[in-house]
Amino acid sequence: MTTGERSKEEMEGSTIERYSKIKLGSWLDQFRHGSNPWMARYLYAIFFLIANLLAWAVRDYGHSILKEMKRLKGCNGGEDCMGAEGVLRVSLGCSLFYFAMFLSTAGTSKLNDRRELWHSGWWSAKLFMNISLIVLPFLLPAEIISIYGQVAHFGAGVFLLIQLISIISFITWLNDFCHSEKYAVRCHVQMMLLATVAYVICILGIILMYIWYTPQPSCLLNIFFISWTLVLLQLMTSVSLHPKVNAGFLTPGFMGLYVVFLCWSAIRSEPAEEKCIRKAESPTGKGDWFTIISFVVAVLTIVIATFSTGIDSKCFQFKKDDAPEEDDVPYGYGFFHFVFATGAMYFAMLLIGWNPNHAMKKFTIDVGWTSTWVRVVNEWLAVCVYIWMLVAPIIWKSRQVATSNV
């Protein structure tokens, strides 16, 4: 073995040893020991949060810097860099950054890979790269931004699908964990308590939606949304309790919470002028503060949802029983950046209400009939995916038995 190879192995061994200490240490240790993949994911989330806030600022306050935008050729005198199109330009730059990171880190599996150093370090270069890619779309003609707007619809849908599978995978993992031989007896009471609380919240949420969002018998669409949500909750429970499935009450209860939340989000996305929606309005200004707080919470929710989905690459692994080795990466870098790239398209759709021609008021997010139907379809798709994940193993098993008998 040459001296160079020996020094390379020693360097790789020291890197793995340093990462092992960080993994076993506290949460603060991730920030005390220099660049590492655990710290990197938070910095990428901060980049993403800044892009969200920049897109919002361009949409709501961009007209105050209209004169500066006139210098950019692709902005058509500033008109094409404000409002919805300005949001799409920021989103395009953010998505390009994470897509470039996806291409440069996809397939990284070991901590001693050179691409791991690029993912976890080189922050000055990546900061310059991020700023450059966000500025670049403001130099592009409006036609290219319009094409990106159509692509972003598809990318946002991909993000919602990935997020949906991640949530269902977590719920099923929690159910399997609680029903395992090691914890089945110990967690029985806790499982029943959690399932009961989940169902109570679901029923209470449905009742409140009937009270708040169906003030008149003519609110037929809202009545349909809420009633169908109740039917879907019953359907998930029935399938889960079927003798051949026997998944218990916990998973349909938690899925019920998610479905009720999606139904509530869909109805809240209806335009403010809709007579069936009682908006919080107050002459004292409390309604404005409520709108601002809701907006801040919504933006933080987007970032947290993107972050949590991005580090959950295991939900798309078919072989999950393999024990991770010491030098394996803690999460899939390529998948992480891909989720953020599609998440950039998703936050653009929320800020423009899934329609670039739809005017959005200040501090509003995901409002409009298009947003409402996206939420409703997402709710129905969630139930279909959940039921399929319960029924599919039984169907495959019966087919295997049938083929073996033949």
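Yeah, the Cβs are placed from backbone N, Cα and C, and that goes for glycine too.
Lifted from TrEMBL, the feature list:
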TRANSMEM  42-61  transmembrane segment
TRANSMEM  82-101  transmembrane segment
TRANSMEM  121-140  transmembrane segment
TRANSMEM  152-173  transmembrane segment
TRANSMEM  193-213  transmembrane segment
TRANSMEM  220-241  transmembrane segment
TRANSMEM  247-267  transmembrane segment
TRANSMEM  288-311  transmembrane segment
TRANSMEM  331-355  transmembrane segment
TRANSMEM  376-396  transmembrane segment
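Remark: the transmembrane segment (193-213) contacts the transmembrane segment (247-267), by the rule of 3 or more CB pairs under 8 A. Proximity of distant same-chain residues to the transmembrane segment (42-61), defined by a Cβ-Cβ separation under 8 Å and at least 6 residues beyond the stretch ends, is recorded for 30, 81-84, 86-87, 89-91, 93-94, 97-98, 101, 123, 130, 134, 295, 299-300, 302-303, 306-307, 336-337, 340, 343-344, 347-348, 351-352, 360, 362-363. Ranked by number of Cβ pairs under 8 Å to the transmembrane segment (376-396), the listed stretches 82-101, 121-140, 152-173, 247-267, 331-355 are led by 247-267. Here the listed stretches are 82-101, 121-140, 331-355, and the one with the most C-beta pairs under 8 angstroms to the transmembrane segment (152-173) is 331-355. Residues 44, 47-48, 51, 54-56, 58-59, 62-63, 66, 69, 119, 126, 129-130, 133-138, 140, 142, 145, 148-149, 152, 155, 333, 337-338, 340-345, 347-348, 351-352, 355-360 of the same chain lie 6 or more positions beyond the ends of the transmembrane segment (82-101) yet place their CB under 8 Å from a CB of it.
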